[in-house]
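A.B. asks: As annotated in TrEMBL:
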type	residues	note
DOMAIN	F:1-151	domain 'PurE'
BINDING	F:S9, F:D12, F:R39	substrate binding site
There are 8 protein chains.
Amino acid sequence: MKVGIIMGSQSDLKVMSEAAQVLEDLGVEYELTIVSAHRTPERMFEYATSAKERGIAAIVAGAGGAAHLPGMVASMTSIPVIGVPVKSRNSIDGWDSILSILQMPAGVPVATVALDGAKNAGILAAKIVGVTDEKVSKNIEDFMKEMKDKVLTSAESVETDGWKSKI
Amino acid sequence: MKVGIIMGSQSDLKVMSEAAQVLEDLGVEYELTIVSAHRTPERMFEYATSAKERGIAAIVAGAGGAAHLPGMVASMTSIPVIGVPVKSRNSIDGWDSILSILQMPAGVPVATVALDGAKNAGILAAKIVGVTDEKVSKNIEDFMKEMKDKVLTSAESVETDGWKSKI
Amino acid sequence: MKVGIIMGSQSDLKVMSEAAQVLEDLGVEYELTIVSAHRTPERMFEYATSAKERGIAAIVAGAGGAAHLPGMVASMTSIPVIGVPVKSRNSIDGWDSILSILQMPAGVPVATVALDGAKNAGILAAKIVGVTDEKVSKNIEDFMKEMKDKVLTSAESVETDGWKSKI
Amino acid sequence: MKVGIIMGSQSDLKVMSEAAQVLEDLGVEYELTIVSAHRTPERMFEYATSAKERGIAAIVAGAGGAAHLPGMVASMTSIPVIGVPVKSRNSIDGWDSILSILQMPAGVPVATVALDGAKNAGILAAKIVGVTDEKVSKNIEDFMKEMKDKVLTSAESVETDGWKSKI
Amino acid sequence: MKVGIIMGSQSDLKVMSEAAQVLEDLGVEYELTIVSAHRTPERMFEYATSAKERGIAAIVAGAGGAAHLPGMVASMTSIPVIGVPVKSRNSIDGWDSILSILQMPAGVPVATVALDGAKNAGILAAKIVGVTDEKVSKNIEDFMKEMKDKVLTSAESVETDGWKSKI
Amino acid sequence: MKVGIIMGSQSDLKVMSEAAQVLEDLGVEYELTIVSAHRTPERMFEYATSAKERGIAAIVAGAGGAAHLPGMVASMTSIPVIGVPVKSRNSIDGWDSILSILQMPAGVPVATVALDGAKNAGILAAKIVGVTDEKVSKNIEDFMKEMKDKVLTSAESVETDGWKSKI
Amino acid sequence: MKVGIIMGSQSDLKVMSEAAQVLEDLGVEYELTIVSAHRTPERMFEYATSAKERGIAAIVAGAGGAAHLPGMVASMTSIPVIGVPVKSRNSIDGWDSILSILQMPAGVPVATVALDGAKNAGILAAKIVGVTDEKVSKNIEDFMKEMKDKVLTSAESVETDGWKSKI
Amino acid sequence: MKVGIIMGSQSDLKVMSEAAQVLEDLGVEYELTIVSAHRTPERMFEYATSAKERGIAAIVAGAGGAAHLPGMVASMTSIPVIGVPVKSRNSIDGWDSILSILQMPAGVPVATVALDGAKNAGILAAKIVGVTDEKVSKNIEDFMKEMKDKVLTSAESVETDGWKSKI
C-alpha cells in the first residue's frame, strides 16, 4: 500500500515535504508530485480517478488560499483524502485554506489537519495504512513512545536543573 | 450573448433565482441549471469547457460551505466567472463560502459578490454583456435611476411625514 | 473491522447519529457510546487505550466547545481518530470546537471534518475500512454514484420545468 | 476597448501595478491613475461618471482599510467595476478592505478579487474585454496554457529528481 | 445648533430612530432624512457639502453591509461625523458595517459607535453640542444621573427581595 | 468566607444566577447585587475597594459588550476576580465581552470563563474557597462524581437500548 | 477650549503622539498625560470627573488589549470622549482593543476611531472644537485641501511619468 | 501552600517562566515541570490526580494550539486550575489556544488569562493563595502599589518634560 502526496504548487513543498519525511520514518511507501486544481484541472481529474487502481491507499493533498485540491480529489475517489491547509503568501491568517478544505458538504469528506500540519497528515496516512499493516502500526507506536520519552527527559531536566538554566 | 447560471444544489435555488430574475428584468438571455463540483465533477468539467462555444458570455456560479464550483469553473474557461457565496445550513457565518470563492490564486480570478448576493451577480453579468450591448447598458442605467428614485421618494416621505409615522 | 463512535454527551447524539446511520448504510460494523473527556476522563483513557485490541479500526469522536475528546483519544492510540466539531449551545459560532479539534500539535493528528459533519465522519471511517475491504469500497462507490444521480435528476428537472416552478 | 485602473493612494501602486502588467501581457489597452474616495471625492465623481463615455470598458479599483473607492465608483457607472482589497498598513489582517469592498448592497455590484489580488483583477478585466474581442480571448487561453505547462514542468522535475533536491 | 441624522435606507429607520429619540429627550434640535451613498451619490455629495452652511453642527450617519455613507460624508465636510454600523440582513455578523465605518484612513475620521448603537450616536452628538451649550450639557448630566438611579434601584430591589424573585 | 457576585445590569441575572445556584449547591456563602461599571462607577469603586474587608474571598463579575466591570474591579482589590463574558443583545457573537474581559494587561488578572459560563464561575469560586475549606472541597468532589455518574448512566443506557431509541 | 489626551501607558506614546501633533498643526490647545485605568484607577476617576471644570472640551483616550480607559472615562463625564484602539504587544490582531472600546452599552458612547488611528482622533477632536471655533474649522478645511492637493499632484505625476517609473 | 506550574513543552518555557518569576517575587512557593496532554497523557493523569494530596493549592497550566492540558487537568482535580493560552508557532493568531482553554463545558472551569499572559496567571495563583495567607495578600497589595507608582512617575515625567522628549 502506497500513499500519494500532492500539492498545488512547488512553493508548497517546504511544508508538504514533512508528510513525505514522516512516511519514510514510519516505513510507509509514498509517491509525491505536483497537481494543481486551478492550473491543471485535467491532470487533477486523471490523478484522482486513477489513484485507487494505481495502488494508492490514501492521498495527502495540500493547498493554500481558496484550496480546492483536497476536496475536488475527494469527490472523485473512494479512497480517503487528507487535506493540509497551507498558509499561502496572501492568506488571511490561514482561515481561507482551512475553511475551503474543512467545510466540505455532506457526502464528500476531507480529513483535515492543522494549518501547515503536513507532518500530521503523513502520520494520519500511516495510521490508515497501519489499520491492516501491523509493521506500520508498530512503527507508529514506537514513534509515539519516542515523543513521550522526549517529554519525560525534558521534564526531568527542567526539574533537576531548574527553569532558570533553560532560558 | 447569454449568461449561464449554475449552482451546486437545488437548495441554492432560492438565493440563486435572484440572479435569473434580475437578468430577465434587464433583458439579458440566460440559462440556469444545477452543476455540483463535488457530486458531479465530470458534469462540471463538461459545462465549463464547453460554455464558451455554446455562446455563454459569462457564468454566474453559486455554492455554499467549501464552495469550489466558481473557482473550478473559472480554471477551465476564458470567459468571466462570477461567484456567489451562499450561506449554507452549517456554514460558519458565511466565512467558509466567501473565502473559498474569493481567495483564488493568481491567474484564476473569480468575480466575487456579497454573501447571498445573487442579485448583484446577475447585475454584474448584465454589466459585462452591456459593455458591447447598448440596449442592456441602457436597461442598467434605467435600473440605477429607478433605485435612485425610490430612495428620493422615501426620503421625501420621511421628511414630510416625520420618522415617527414610519415605525 | 469495526468503527467506534463516541461523543461527549447525549446531547451530541442528534448530530452524531448521522455517522452511525451512514455506516449502517455503507455496511460497516460499528459501536456507539458516550465518553466524556471532562466528566469521565478515566473512561476515556480506558476506551482509547483498549480500542485497538477490541478490534476497532477507526474512532469517530464528536464534541463541542473546548472539545478535547478527539485529540485526547488520538494521543492514546495508534488507530486513526476522526473528529467532529459539534456546535454546542454556547459555542462561539462553532469556532471553539473546530479549532480545539483541528489545531493538534505535530505528532498527534485528528482527521477533522466540517462543523456538525458527522455524516462525513462516518463516510471517512468507511473509506478507511474500504482501503482493504472491497465490499465497503464498492458500497462507497455506489453511494457516490447515487449522489451524482440525484444531482443529475434535479438538474434535468430544473432545466425542463424551469426554475420558477421550483420556488 | 480600454480598462481603467485606479487606486486610492500611490502607496497602493506596488500591489496595483500587477493589474497593469498583466493587461499589457494580455494585449489589453489601459490607463492608470490615482483617485482617492476620501481625499478627492469630486475627482472620483468625475472619474466614475465620465468613464463610459471616455471609452472605458471596465474599471479596476484598489483600496485598503475602509475601502470605499470601488463601491462608490460602481454606484455611478453602468460599466463593470472590479475591486481589489489592498492590505494597508494598519489593516486588521485585510478583513476591513475585503468586507468594505465585497459586501455591497443589492443593486450595486463590485466584482471583488482576493486580498492584494490585483493580477487577478487585471485578468478579470481582460476576460470581460475578451467576451467580444477574440484576440484578447486567445491571449487569455495562451496564458492559461502557459500556467498549465509551468506546473507540468515543475511536476515532472519533482518526480524525476525527487523532492529532496528541491528544498 | 442642529444635528443631521441620515441613513442609507428606510429599513435602517428602526435602528436609527433611537438617535432621533434621544436627541429629542436631551433637547437637541435635529433633522432626519434618507441619503444613500450607493443609490443617490449626488444627493450624498449635496448633503455633505452643504451641511455646515445649513447650520448642522454634527452628522449622525447609519448604514449596513459595505457601509460607505459615514466615511464618504466625512470626506466632504469639516464638521464631525458619527457613524452607526447597522447590522443588515445579509451582514456577516455586523463585521462588514463595523469595519467599513471604523477603519477610515488617516485624515478622514468617523466617530464610530457600537453595532446598532444609534442611541449612543445621538448622545455623542448631544455631547458635541453640549461642549458650548450648557443647557444640553446639563441635560446629559441629568440623563447620566437617571441611568445611575435606575441601576441603584434595581440593585436595591435585588438585594432586598433576593435574585430568585427576579427570574 | 463569602463570594461576591455582581453584574452590570439586571438583564444579566438570567445568566448570572447560575453562579449563585451552584454556590448554594456547593455550600458556599455568597452575596449578589448589581454594580454597573459605566452607570455607577462610584458604586463599583466602593464595592471593589471594600470587598476584602467585608470578608469577600473572591468576586464573580459578569458583563456584556465592552465589558469593563471584571477588569476594573480586579484593578482595585487583591482578592481573585472571576469574569463571566455575557452575550448581550447587540453583541458581536460574544467576541466583545470575551476579549474585553480576557485580554487584561500584565499585572491585573481576571480569571475568565466561557461565554455565559456563570455556572463555571461559581464552581471556580468554590474551588478557591475549597483551597482551605475541606467541607467545600469535599462538596466539589461529590459534584464531580455526580457528573461522572450521569455520563456513565447515559452511556450505559445508549449502549443497552441503542441510539435509535434516544432520538 | 482645550483637548485632553490620555493613554494607558508610556508605551502607547508612539501611537498617541500623532493626536498631539495633528492638534498642534490644526491650532488646537491640548494637554497630554498618562492615566491607567487598571494601574491608577483613582487617578482615572479624578481625571474624568474634573475634566470639564478644568476647561477640557473633549478627551482623546488611547489604550490596548482589554482597553477600558476610554469607556470608563466616558462614564464619568458629559464631554465627548474619543477612543483610540492601540494594538498592543500581545493583542489578538487588534480585535481586543477595538471591541472593548467600540461596543459600549447604550447610554455611554465612545467615539471610536481606527486601530492605531490617533491622528484621526486628533482631527476628530479638532472638528469638535471647530463646531464653534471658526479658526479651527478653517484650519481643518485647509488641511483637507492639502490632502486633496497631494493626491492630485501624485496622480498627475503617475499619469505623466507612467507607473513604471514609480516602483 | 504551593502552586504547580506545568506546560505542554519546553518551548513554552519562555512564556511560562513569567508565572514562576512573579510567584517568586510575591513570596509564593511553587514547583515547575513539563507535562504534555498529548505526548504524556498518563503523566498528566498522574499529575492532576495527585496534585491536591501533594499540597498543591492551585495549578497554572500553559499550552498552545489545540490546548487540552488546562482543561484535562481541571477535569481531574478539585483545586483551581489557571489556563495560559500560549501562541504557538502555527497558531491561528492565538484563537486556537484561547478557545480550547476558555470554552470549557459547564462543570469543569478553567480560569483563563490573556494570550501569553503567564505573568497574570502567576498573580492570579498568588491571589488565590492570598485569600488565607495575609503575607502573600500584603505582597500583592505592595505589587499593585508599585505598578501605580510607576505610572504616576512616568505621567509626571511626560507632563514635565513634554511628550516630544520621550519619542
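Any Cβ shown, glycine's included, is placed from N, Cα and C.
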A.B. asks: Output, ordered by sequence, the same-chain residues six or more apart from F:S9 (substrate binding site) with a CB under 8 Å from its CB, or 'none'.
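C.D. replies: In sequence order, F:I34, F:S36 meet the Cβ cut-off.
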A.B. asks: Filter the binding-site residues F:S9, F:D12, F:R39: retain a residue only if its CB is under 8 A from a CB of chain E. Output in sequence order; output 'none' if empty.
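C.D. replies: From F:S9, F:D12, F:R39, flagged as close to E: F:S9, F:R39.
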A.B. asks: Can you count the other CB atoms that lie within 10 A of the CB of F:D12 (substrate binding site)?
C.D. replies: 24
A.B. asks: Using a Cβ cut-off under 8 Å and a sequence separation of 6 or more, which residues in the same chain sit near F:R39 (substrate binding site)?
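C.D. replies: Non-local contacts for F:R39 (substrate binding site): F:G8.
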A.B. asks: Using a Cβ cut-off of under 8 Å to chain B, which of the binding-site residues F:S9, F:D12, F:R39 qualify?
C.D. replies: none
A.B. asks: So how far apart do the substrate binders F:S9, F:D12, F:R39 get, largest Cα to Cα in Å?
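C.D. replies: Roughly 15 Å, rounded to the nearest whole number.
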A.B. asks: What three-state class does DSSP give F:R39 (substrate binding site)?
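C.D. replies: SS state of F:R39 (substrate binding site) = coil.
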A.B. asks: Kindly assign F:S9 (substrate binding site) to one of the three DSSP-derived states: helix, strand or coil.
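C.D. replies: In the DSSP reduction, F:S9 (substrate binding site) maps to coil.
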A.B. asks: Averaged over the domain 'PurE' (F:1-151), what pLDDT does the prediction give?
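C.D. replies: Summarising the domain 'PurE' (F:1-151) by its mean pLDDT gives 97.
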